[in-house]
Every structure is written in C-alpha cells, then in structure tokens.
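Written out below as structure tokens is the structure these notes cover.
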Amino acid sequence: MAKYVMALDQGTTSSRCIIFNERGLIVSVAQREFKQIYPKGGWVEHDPMEIWATQFSVATEAMAKANIEASEIASIGITNQRETTIVWDKRTGLPVYNAIVWQCRRTAQICDELKEKGLTETIRNKTGLVLDAYFSGTKIKWILDNVAGAREEAEKGNLIFGTVDTWLIWNLTKGKVHVTDYSNASRTMIYNIHELKWDDELLEALDIPKSMLPEVKPSSYVYGETNSTLFGSSIPIAGVAGDQQAALFGQMCHQEGTAKSTYGTGCFLLMNTGEKAVKSENGLLTTIAFGIDDKVEYALEGSIFIGGAAIQWLRDELRMLKDSPESERYATAVEDTNGVYMVPAFVGLGAPYWDPYARGAIVGLTRGATKEHFIRATLESLAYQTYDVLNAMREDSGIDLKALRVDGGASANDFLMQFQADILGVPVQRPEVIETTALGAAYLAGLAVGYWKDKKDVAQNWAISKTFEPDMIKERREELLEGWHEAVKRSMNWEKSE
C-alpha cells in the first residue's frame, strides 16, 4: 500500500521535492538552487537541463532521506514557476534555447506591436490576461524568430513548447507524454479560458504553429507514469498546477469567495470565483484556478511587486536590520509609525494601479521619526498593498471577503499579520503547514489516484496555527487608509517615460 505522495516544486530560484503523508504533514524535504542567467539588462534565463537535473536529484534525495521506495509513493504532483517558456526538439529531447523566465522583459517590443494591431482587448477577453511580456506567448514567438532554424523546424513539426510542468513530465516519462494542465495553459496568453482551447486567432497573431502545443488536461488527472529506470519502478504523475494556483488549492480555497495571499519577495493574491470567470475592471488578471471533478474553477489574481523584498532592502541596503525576523521587534517597540508612510514602488506599482513610472517614496517625516517608525512603516506597506488588491477583487466580484488565508515567508511575522487583519477588518488565518504550494500539488495528485477520497477528505487535514482577529476601530482604519492612498498618489508618475 502506497503511504506517501510526492510533490515536485520547481521554483524560480530552486527546485524542491517534498514528500507528504496522508495527514498532509511533511515527511521529507530536499532543495537545490540553480543558476540565474542574465544575458542583458532585463533578460532572465534558466538552463532547462539544469532545471531537470536539479529537480530529479532532489526527488531521489528526498526519497533517500526518508528511506522511501518508489512503490510506497501513490503519485507525483508538480507545481511550477508559471509562464517560463521552453522549446525543445522532440526527436532529441534537447532545448533549442535556454528557458525564457517569466521575469524576462525582452519581448516588450513584440507586445507593443500587438497593441498597435489593436489586440489588447481581444487578448483580455479571451485569455483573462493583460497584454504583457510576463506571459509565454511572446516568448515562444521570440525563440522562433531569433534562434537559427527554429521556425523551419517548428513548421516541420519537430519542435515542441512547454511551460516548466510540461518539460518535467516529458523528462519523467522519457518523451512519452506532452501535456499541461488548465492552470498553466491559462498563463500562456494563447489559451482561451472560456472555450478551454488553444486560440487560433492568437496563434496566428503570434505566428506559432499549433503542432508545438501540449495537450491540456485537468489539474487532478493521471497524465502518465514515470519511466521505471528513474526511481526503480514507475510512479503515476497525477497532479499539476502553477505555483499560485497550487497554493490556492493547498490553502483549501475551494469555495467561491475564499482567498489567499502568499507573502514572498512579491505578494500574490488569488480569490476563487467559482465556475464563472470574472472580468476585472481594476487591472486584475482573470485566470483558471484549477480543473478538477470535470469542472473548471476560475480565480482573480493580483500581484504586488515588492513585498518581502522591502524588508530585505531594510536589511541589505539600509543595514537597519541584522535579519528579517528582527523587523517585528523594532515595529512593536513603537505604538504607530508617527505619521510615516513608506510606498515601496521600487519597480513601479502593480495591481490595481499599474503605474510603471511610480517610484519608492517615504512621506510624513518629522524630526521625531526614528528607525523603529521607518521599519514599522515598511512592514505596514505590505498590508496596505494587500488591502488595495483585495478591495479591487471585491469591486470586481461583488463578493465580500470573510477571512484571508496566508502563507509565505513574511506570514510568520505576527505583527504584520495582526496589522493585516486590522486594515482588512476580517480575520487572517495562518495554517500549520505553510508549504501550501507543494501541498496543493500533492493533494491534486493524491485525489486523482484515490489516495484521498475527495475535497472534503483533504479539507480535514487543513489546520489553523493562528487566527488574527481584527482589533481596530473603523474610524482609525479609515484614517490610516486615507493617509496611505495620499502617499501612493505622491509616488506615482515619478520616473519620466522615455
């Protein structure tokens, strides 16, 4: 009897493997970082062979650490950095170019050309996404246009495309399976999220041959099994979701109106909107959350560019902190920020402002402002930005949030989580297992093979470590938010456009 489920968590800076038991608890973890490649300013690449090598090595390491055989693993779930684009030769299995990472801005000009052709609204209506270099479509076009011989080989049917999940499955099955799931397909900018198919009009606009594209399947589904030479015997590959969608599933946000926020370098907020795709009027993305039980659920997504990175800035550039956890001690040493607001718009502002020309600002300084006030204001900025995104979600969906579920590094900061609850006016729930991304992938994989019976079965595993109840009067909350919005205004449109 298989006792465990394995999650492969392929992130932007490292590959991890976590093995979970039936209660959703961690049995074993292995992690390996890999190289970031920056060929030019604004360009970011990874070596696809290194992605595969690190991911395979951590899987074998996690099994060895816990003394687990392949026969004891019920299934494998995969969660991955989204949008990152790989094109390879299906005859040799070798990439024709490095993986172009989601952060890479090299295709901004292709996006401008599509805007000039009047495709902004078409893309928005069909894919739920804003026209941006972030997504995979323009990255595929760039590889076909710029790698010698790539377009000819693609047109002959020899080259295939995949996001990172697809690349891992191809390698795990030794080239037998070319597949992705709904959540990853919905981040390519060439997938119609309403009709659930690759979109011919968008493929034509980007000049991408349809033969390159993987088959799209539900997020909880047996896609194939690992080649038996890899782990000693074959294991079903049965769950796939992009990292943020996997975290939404792992946080048990299975009902319409439930939401989670991941506090990492940036912050990612997703709200489950059920079986309807809500079009945003506030600059949020409409995306597929997951496909499970023969139905597709949608989500609204908002991203905050600078979250935990603002605390790293205090530590590394300003040298105000020895380590990030120390920020909590300083922030709680004062009663408030003494009127100081910090807007961390270091690279512009994301949702709902979308101002690339905004820059970081500190306002409200007086002679009485201290280091403690400054650190507290920086922490508070994460909560204010989260409020802005959730408020936009409420306006778009008409759904009032009942509670916010949190994960990621900065969710361990009790001061920040309490302030978040105060500013939102709803409880903030931090679960016992904060590795929710890997957990979500494990749940999707376990459900597909009957390791867990149904969503109710996995929901029983979800346990709250701590709930932060709002404890601020409405007038004070409104006063603080008014100050924040005034500060944001002053940071906007600072950098001159070229």
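Here the Cβ of each residue, glycine as well, is placed from N, Cα and C on the backbone.
Residues annotated as sn-glycerol 3-phosphate binding site in Swiss-Prot, with sequence analysis given as evidence: Thr12, Arg82, Glu83, Tyr134, Asp243. Here Swiss-Prot flags Thr12, Thr13, Ser14, Thr265, Gly308, Gln312, Gly409 as ATP binding site. If you look up Swiss-Prot, you'll see Thr12, Arg16, Thr265, Gly308, Gly409, Asn413 marked as ADP binding site. Annotation comment: Swiss-Prot describes Arg82, Glu83, Tyr134, Asp243, Gln244 as glycerol binding site, evidence class sequence analysis.
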Out of Thr265, Gln312, Asn413, which of these binding-site residues shows the lowest number of other CB atoms within 10 Å of its CB?
Gln312
Spatially closest candidate among Thr13, Arg16, Thr265, Gln312, the listed binding-site residues, to Glu83 (sn-glycerol 3-phosphate binding site) (Cα to Cα):
Thr13
Can you give me the same-chain residues 6 or more apart in sequence from Gly409 (ATP binding site) with a CB-CB distance under 8 Å?
Tyr263, Gly264, Gly308, Ser324
Pairwise C-alpha maximum, in angstrom, for the residues (Arg82, Glu83, Tyr134, Asp243, Gln244) that bind glycerol according to the record:
15
Would you list, in sequence order, the residues of this chain other than Thr12, Arg82, Glu83, Tyr134, Asp243 that have their CB within 8 A of the centroid of the site's CB atoms, where the site is the one recorded for sn-glycerol 3-phosphate?
Asn80, Gln81, Thr84, Val101, Trp102, Arg187, Gly242
Considering Cα atoms only, can you say which of Arg82, Asp243, Gln244, Gln312 is the nearest neighbour of Arg16 (ADP binding site) among these binding-site residues?
Asp243
Fewest other Cβ within 10 angstroms of its own Cβ, chosen from the binding-site residues Thr12, Thr13, Ser14, Gln244:
Thr13
Would you list, in sequence order, the residues of this chain other than Arg82, Glu83, Tyr134, Asp243, Gln244 that have their CB within 8 A of the centroid of the site's CB atoms, where the site is the one recorded for glycerol?
Gln81, Thr84, Trp102, Arg187, Gly242
Kindly assign Thr12 (sn-glycerol 3-phosphate binding site) to one of the three DSSP-derived states: helix, strand or coil.
coil
Among Thr12, Thr13, Ser14, Thr265, Gly308, Gln312, Gly409, recorded ATP binders, what is the largest CA to CA distance in Å?
19
List of residues, in chain order, with Cβ under 8 A from that of Tyr134 (sn-glycerol 3-phosphate binding site) and at least 6 apart:
Glu83, Trp102, Gln103
Within 10 Å of Arg82 (sn-glycerol 3-phosphate binding site) (Cα to Cα), which of the binding-site residues Ser14, Gln244, Thr265, Gln312, Asn413 do you find?
Gln244
